[in-house]
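Notes follow once the structure below has been shown.
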């Protein structure tokens, strides 16, 4: 039962984290610089 809960938690966490990296990360200069998905260097 605990394995199932962990898997479900991981699945639910993955989507918001991915969205946060795409949106929020690109708003932070340090993360923006390291993330090519944000559009590369300015």
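Cβ from N, Cα, C; glycine included.
The disulfide bond annotation in Swiss-Prot covers 25-31, 26-38. Annotation comment: Swiss-Prot describes 39 as glycine amide, evidence class similarity to another entry.
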Sequence-distant neighbours of residue 25 (disulfide bond) in its chain (C-beta under 8 A, six or more apart): 31, 32, 35, 38
For the disulfide-bonded residues 26, 31, 38, the one whose C-beta sees the most other C-beta atoms within 10 angstroms: 38
